Amino acid sequence: MGSTSEGGGVARKRGCGWTKEDFLPEESFQSWGTYVKALGNTTARLKDRLLTRSLDEVELHAVRDRSKNEMKKTLNWWDLLWFGIGAVMGSGIFVLTGEAANEYAGPAVVLSYFISGVSAILSVLCYTEFAVELPVAGGSFAYLRVELGDFVAYVAAGNILFEYVVAGAGVARSWTSYFATLCNHDPNDFRFYASSLAEGYNHLDPIAVAVSIVVCVLASLSMKGSSRFNSIASIVHMVIIAFMLVAGLTKADSANFKDFAPFGLRGILKASSMLFFAYVGFDGTTTLGEEIKKPARDIPIGLIGSMSLVMIVYCLLAATLVLMQPYAQIDVDAPYSVAFSAVGMDWAKYIVAFGALKGMTTVLLANIIGQARYFTHIGRTHMAPPFLATINKKTGTPVNATVFMTIANSVIAFFTSLDVLANLLSISTLFIFSLVALALLVRRYYVSGETSDSDEISSLVSWC
């Protein structure tokens, strides 16, 4: 039944306030006739999408207005600094260092971390320039839409969301594994075995789902509250890392540095390409543009500062590891825990596991916050259902998008093993970074109304 307003206005339905336009807003979906007509114009519409580019003003105002409510501007450079650290510094350093040192670089893994860190900072500079000029929730999706067009942005959006969901599910499963280590249990002791399901999908993980839900609630209630939690957790993480550095260096043996680069330059570079993934995650910080008080000042400090600190910490941790143990004896799977055990500090493995657990908690929080804001802006452009673009008036957060993406994360994390998730992760992250760098070149050299489409295409080909 409907109800009529006092002024005799339009009747409103009680209950769910969503309409068809919240899911299928485009004119082509209004009836079967318009849909068939739109199908007939597919070629022309694809061409139009391929060449159509958005404008800064459109992304900053018209597109943002479709969310009806504004996100709350509560963040400053301090929040961004710790958000960047929390988003990047997860379990990667505790896992990748062992393989890189043992199989590829030896003690020169320190140089590998430095090289990959410099490469990551170059990508950060590209993102920073865009984020200052386009402080919107869409991050790289919005940047690509403005410079390379709707079609490229749409393809990139699919890659971004896929990586976020798979990575989020992987972090949630890893959380269970490290929690089990703290409890002196095998990870599968906390999972349910379902014999009727295929291998790789038959160890059901309720803890991963529970952690995802808790983080979702935190991310939905308040961005400022999420930022405070992230800052505290990241500071605790840094304290644990400081302990690892001090404790590890007391057991250092400089003789382990003598054969510094046993695999040569090729091994160093090969390790650096693998270790680059330890720096991934900073792009999520750029999706907070609408919630930053002073974007022009805070974004460069937060992004560049956090990545610089992460690189320094990574290099110090890598140096500590290879000083504690000869590189050939470093364990590939749990390098720091085994190294501390080898020098008579077996109890330290629990501190390492606790540090990794803290790191993965902040990474998961940053993951859910970032993917929700990506999806919010995608919904604003009608490349996804517009109901996902809604900003909650009370909390100032994209609750619909946050819940939707958490459900996707949780379903995958509940069923899918880490091995399967690791195989799903691809180089699409590097693909997005490359597109953003290319988009920055277009922004620098393309002049709207003066540079022809043919000149732009030829320039893109030459840059590639």
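First residue shown is number 1, and so on along the chain.
Cβ coordinates come from backbone N, Cα and C, glycine included.
Just so you know, TrEMBL annotations never went through curation; they're auto-generated.
Copied from TrEMBL, the annotated features are:
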TRANSMEM  75-96  transmembrane segment
TRANSMEM  108-130  transmembrane segment
TRANSMEM  151-172  transmembrane segment
TRANSMEM  229-248  transmembrane segment
TRANSMEM  260-282  transmembrane segment
TRANSMEM  303-327  transmembrane segment
TRANSMEM  347-370  transmembrane segment
TRANSMEM  399-418  transmembrane segment
TRANSMEM  424-442  transmembrane segment
Per Cβ pairs under 8 Å, the stretch of 75-96, 151-172, 303-327, 347-370, 399-418 packing most closely against the transmembrane segment (229-248): 347-370
Among 75-96, 151-172, 347-370, 399-418, 424-442, stretch most in contact with the transmembrane segment (260-282) (C-beta, under 8 angstroms): 75-96
Result, the transmembrane segment (424-442) in contact with the transmembrane segment (303-327) (3+ CB pairs under 8 Å): no
Same-chain residue ranges lying at least 6 outside the transmembrane segment (399-418) that approach it to Cβ under 8 Å: 161, 164-166, 168-170, 172-174, 177, 197, 200-201, 203-206, 208-209, 212-213, 215-216, 219-220, 367-369, 371-373, 375-376, 379, 387-390, 392
Proximity verdict for the transmembrane segment (108-130) and the transmembrane segment (424-442), three or more C-beta pairs under 8 Å: yes
Positions on the same chain near the transmembrane segment (424-442), where near means CB under 8 A and six or more residues out: 123, 126-127, 129-130, 140, 143-144, 146-148, 152, 156, 159-160, 162-163, 166-167, 170, 276-277, 280, 283, 456, 459-460, 463-464
